[in-house]
Structure formats: structure tokens, C-alpha cells
Amino acid sequence: MRVLSFLCLLLVSYASAKQQFSELQYRNAFTNWMQAHQRTYSSEEFNARYQIFKSNMDYVHQWNSKGGETVLGLNVFADITNQEYRTTYLGTPFDGSALIGTEEEKIFSTPAPTVDWRAQGAVTPIKNQGQCGGCWSFSTTGSTEGAHFIASGTKKDLVSLSEQNLIDCSKSYGNNGCEGGLMTLAFEYIINNKGIDTESSYPYTAEDGKECKFKTSNIGAQIVSYQNVTSGSEASLQSASNNAPVSVAIDASNESFQLYESGIYYEPACSPTQLDHGVLVVGYGSGSSSSSGSSSGKSSSSSSTGGKTSSSSSSGKASSSSSGKASSSSSSGKTSSAASSTSGSQSGSQSGSQSGQSTGSQSGQTSASGQASASGSGSGSGSGSGSGSGSGAVEASSGNYWIVKNSWGTSWGMDGYIFMSKDRNNNCGIATMASFPTASSN
């Protein structure tokens, strides 16, 4: 009843908003989106979700029509409000303001102009954490997988590691399973435990409260130490990611992040200190935000149906994090395919900055970025804008970006990846809480 009452209130709010497209355009776009994302609703919920979708479609159009480096789209989160997204998929923000400027041990390396650890074979395929606030565990396994691969030298031994091992077994270190945790605490567990099991031997279930099933015989990697990056220093983060993939915490709370599709992500409203999501930096690059390139496998045709994707629960329970652990505790990408943490899409498929999506000409149809184009009208440029939130002055783009691996499956972003702005005052706090492990070569 509480959910239905909430949705009824949303109906009143969205029904009164000014519509940017015809009802036929909205309806066809929603129908196509529901088919693409295998979404079904009860009769009571359908109209509320439809109104939310319309509002998100308007937001995407407004943002993209301004032209810019960030392209939004009607992705897997297009039928939920930003408040639902925050409550259901992100943790309580961790305040990292006290960390800014904290000096850490210098990382002595001369960074290459560009780095992409996917191309080196050091990154496993995109995973999906499902209905569990365990992004901290995915960020941890990602950096540990990369460190192990690099330490293996000529063996080039890339092993997918078990997030469930961390969720079930690291609570005594201060982590809280599906309710939140920190990557650094997970590193401490792996060090003291003398290893972490492989994913194949300890598969992901997206469930909490299970008995620890770690077995020494199933260890896939070991680490001997970890190091924090100087907080707030993107130069230090670049030096670190020049050597290996790096675990980071970010502010992922804005609607622009929720509906991100491609391009270099820059959000003036992003906080550099209020961090609610753990992800993995797998490299960095530079390029014009208007250059064309692969759109991460998303069709630019007018149908917007794309490939079949996993259904996301729009009414899942929020994953609250325990105090001090929310920097990487967000419950992101909670799709119904939670029991499988690894998607079929291989990493390393993204290249270059993404361009806006082309629109079709069919009446009532939408482009891959969700722009209605009926009779050639209304789609806008589709090239994105860096200031959709309308807050703050927009800093000039450096054209530089971090290559970031998320854990929300391949139906979000560029096949599960996002290019985040680099060298723009630590946008979204990407360098505020960064750390990486050193693996044993054994």
C-alpha cells in the first residue's frame, strides 16, 4: 500500500508537468522500452511507471538537445525516479571531506599518455551485483583480479574472483555484506585470509547472511598489501592507474548518472566528497567529446529496442549501509538476473569518446538515446550536455577521461562502462577515496 500511495502521488506530479512529445510518441517509446528490458507491471503500477518514464524521457531530451560531451539515454533505470534510484541502488553517502589532501606514499611512475587495462587482458567481463548492496566487493575483486594478472607476468593468468566470498566472509573486518562495505577492509580480509576464492568455485548469489564457504583449495589470487592514493589528487590516481586497475568511490547520485548512456560524463552538481558507489578505474584517455565511435553496441535505429536485457526491480528494498562504510556500499544495478554476476559481454569493447545517437524517422519511435523523432521532430542533437542539472558554472572540458568499470550489467552505460571526466577538479570525487592492492606472484 505504501508503494502504491507513493506512485499515486507521482501520478499527480508528472501529469501536471509540461509534455515535450505527443502521447503517441511517449506510448510507443515506453512500449519499445518495456519490450527491450522485459519489463511487466501490475495494472496499478503501470500508469505510474509510464508517467515516470515520460518525465525521464523529457529529461534525456532536454539534456541531449543542449549539445555536449555527455549523452543520456532511456536505459534500465528509465522507469524509476531519481529518489527511487538513490534509495534502491545507492548507499548512504560517505563524507570523504576529511580525506582530501591526505598525503599518501608517492607512486613513482611516469604515466603513459593513455592506458586501457582492458586491452592488456587485465579486466574481467562486466558483472552485475543484482539486488545486493555489494558494489564494494565488485570494486575489490576488480582491482585484485588486475593486480593478480599483472603479477603473474608471462603466465597472464586472469582469474575471475568471488564477490560472494567477500560478502559472506569479511564481516568481522567491518564490512556488512549486502548492506555495505569498504574496499580497504576487503583488502585487509584477503591479506589476512591469505587469499580469495575463484568465482567459479564460490559463485555469486546476491544474497546476504550466508555461512562463509571459503576453501583454501579454491584460492584464485593472493595480495600482500594495498595502498591508498593521495586523496583528491587526480595526478596520483593517474600514476596509480598507469600501473594497475584502481578501486575508487564516487558520487553517483545525480539523474544524469542514473540515465548515462555514452560520452564523457561531467556533472557540475556532483560532489567531490559525498561518495555512494564503488567502481573500478581501468585506465584513462583523451579525445574530442564530439568524435564518433562505437556506441557500446546500442542501436542508433529508431526502434530503441536493442538487445534483450535483464529486468531491473523497481521496487526493491534499499540497501542501507552501516556507518562509515557507505563509500562503496551502494546497491547498484539490482537487476533480476542477480544470481549471475558475470555478463556475457567481454570487456575492452569501448573505444574513443562516444557520439550522440542518430534518430529515426518513424512516427512515435525513439532512438537508442531515447529521443522521439516522430516525423523528424523533437530529438535534438543527442550529443549530450555537461550541465543538465542547471547548477554551477560548467568548467571547460579537458577532453580527458577515466575509463570506469561499473557493476550494473551491460544494459547501463557503454556496455557497463562509463567515461568519467578527468582533470576537472576531481569531478564526482573519483580521486577522493582510491586504493589498489599488490598481488603475490605465487
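Yeah, the Cβs are placed from backbone N, Cα and C, and that goes for glycine too.
Given the structure is predicted, the values throughout are model-derived calculations rather than measurements.
Positions annotated as active site by Swiss-Prot: CYS135 (among others). CYS135 (active site) falls within a helix when secondary structure is assigned with DSSP.
HIS277 (active site) is surrounded by 32 other CB atoms, counting those within 10 A of its CB over all protein chains shown. Feature annotation from Swiss-Prot assigns active site to HIS277 (among others).
Residues annotated as active site in Swiss-Prot: ASN406 (among others). Reduced to three states, the DSSP call for ASN406 (active site) is coil.
According to Swiss-Prot, the compositional bias 'Low complexity' annotation covers 287-376.
For 377-391, the entry in Swiss-Prot reads compositional bias 'Gly residues'.
The disulfide bond annotation in Swiss-Prot covers CYS132-CYS178 (among others).
In sequence order, ASN165, ASP168, CYS169 are the residues near CYS212 (disulfide bond), counting only same-chain partners six or more apart with C-beta under 8 A. Residues or ranges marked as disulfide bond by Swiss-Prot: CYS169-CYS212 (among others).
In the three-state DSSP reading, CYS270 (disulfide bond) counts as coil. Summarising the annotation, Swiss-Prot assigns disulfide bond to CYS270-CYS428 (among others) and lists similarity to another entry as the type of evidence.
The signal peptide feature in Swiss-Prot is assigned to 1-17.
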Most Cβ neighbours inside 10 Å, all chains, among the recorded positions CYS132, CYS135, CYS169, CYS178: CYS135
For CYS270 (disulfide bond), write down the residues of its own chain that are at least 6 apart in sequence and whose Cβ falls under 8 Å from its Cβ; none is a fine answer. ASP251, ASN254, ASN427, CYS428, GLY429
Nearest recorded site to HIS277 (active site) by CA-CA distance, among recorded positions CYS132, CYS135, CYS178, ASN406: CYS135
Can you count the other CB atoms that lie within 10 A of the CB of CYS428 (disulfide bond)? 29
Spatially, which candidate from the recorded positions CYS132, CYS135, CYS178 is nearest to ASN406 (active site), comparing Cα atoms? CYS135
In DSSP terms, helix, strand or coil for CYS169 (disulfide bond)? helix
